[in-house]
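Feature list (source: TrEMBL):
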TRANSMEM  12-35  transmembrane segment
TRANSMEM  47-68  transmembrane segment
TRANSMEM  89-117  transmembrane segment
TRANSMEM  123-144  transmembrane segment
TRANSMEM  151-171  transmembrane segment
TRANSMEM  177-199  transmembrane segment
TRANSMEM  299-316  transmembrane segment
TRANSMEM  336-359  transmembrane segment
TRANSMEM  366-384  transmembrane segment
TRANSMEM  390-414  transmembrane segment
């Protein structure tokens, strides 16, 4: 009876959790099907080239997302009953993303001439920009703010299914690795179209000419979180870019494969945090800082054993995971996977404290400075150690960066709570 009451009281969180669990189960399952196949067909060297192109597209994705995945989610979660407000934010955010897509496309067309002298790689990069166009209209932030995660799940599963089918149909020879960025993009394009249809049919929110004053306001609102996201790229995504100048394609392929496994397991952990972000953003309104911090600490206590268990499982099963997911030719990635494994524990705590906690507590600037410091520190670490340590420098850089960020988040939350007493 008590369990039923608790479920009823937190129905939106429970629904969000299960929807996101389904999504992240798919996120984990699909790479189990596609990653071994792709690696065996294209080989480590070609996969390393794709990994480099992929990380460049991910930089554009970060710019396209700006800070809207958090700032817009927070606004919609707090005003979801005001349809006019929600519609205004929805169209302003899509307009912002469209402008950012056009800017990234122009910039990458120019940079590709300098950064990628090979014509095939330039084509891969530009075809990969279809992913950014699809992401522009993929309103997962809208569904998250409305706490309707089943639509978020539907959109993502549909896009990933398209990618999975196309991989097995089109990737048959080693030289077919050049099509991988385009296949990524086609999945996102389908997801974007589905998002527009669902927003119109289920919520009565359609595309309209944005209020340009609101567009400017959204850029300002997301600026601090965007800065934090950029800082995160300096230790979560910049490593592959930096390693490209110090190691060969095969070694880069090993690192990329290990990082993909870590990303897959982060998908197992993330449903709770993603479900909590809009829920706590809505519930924090009108409460004291002390009450909100106490709620956050309570959530952390429940999460710690689960995070520790998943991390330990990856460490103990690292050899089996690499052989199963990547094949015997990637066996050297096991050491990298073990060194990266603390990222699962530390990174999840950072999401809870930094995004779920500090952003909802209006501490975006403190989080931004923390992430920026960690990101710059990681770049310095990589430049100094990569020539001697190779890909191990990247693995250690990821784990040490997450540890430093956790310490900084704890410090700023403790200081603000103490100041409020």
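If you go along the chain as it appears here, the first residue is 1 and each next one adds 1.
Cβ from N, Cα, C; glycine included.
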Contact between the transmembrane segment (336-359) and the transmembrane segment (390-414) (3 or more Cβ pairs under 8 Å, separation 6+): yes
Non-local residues, at least 6 beyond the ends, that sit with Cβ under 8 Å of the transmembrane segment (366-384): 224-225, 227-235, 238-239, 242-243, 354-355, 358-359, 393-394, 396-398, 400-401, 404-405, 408-409, 412, 416
Criterion met for the transmembrane segment (47-68) and the transmembrane segment (123-144) (at least three Cβ pairs under 8 Å): yes
Stretch in 151-171, 177-199, 299-316 most in contact with the transmembrane segment (123-144), if contact is a CB pair under 8 A: 177-199
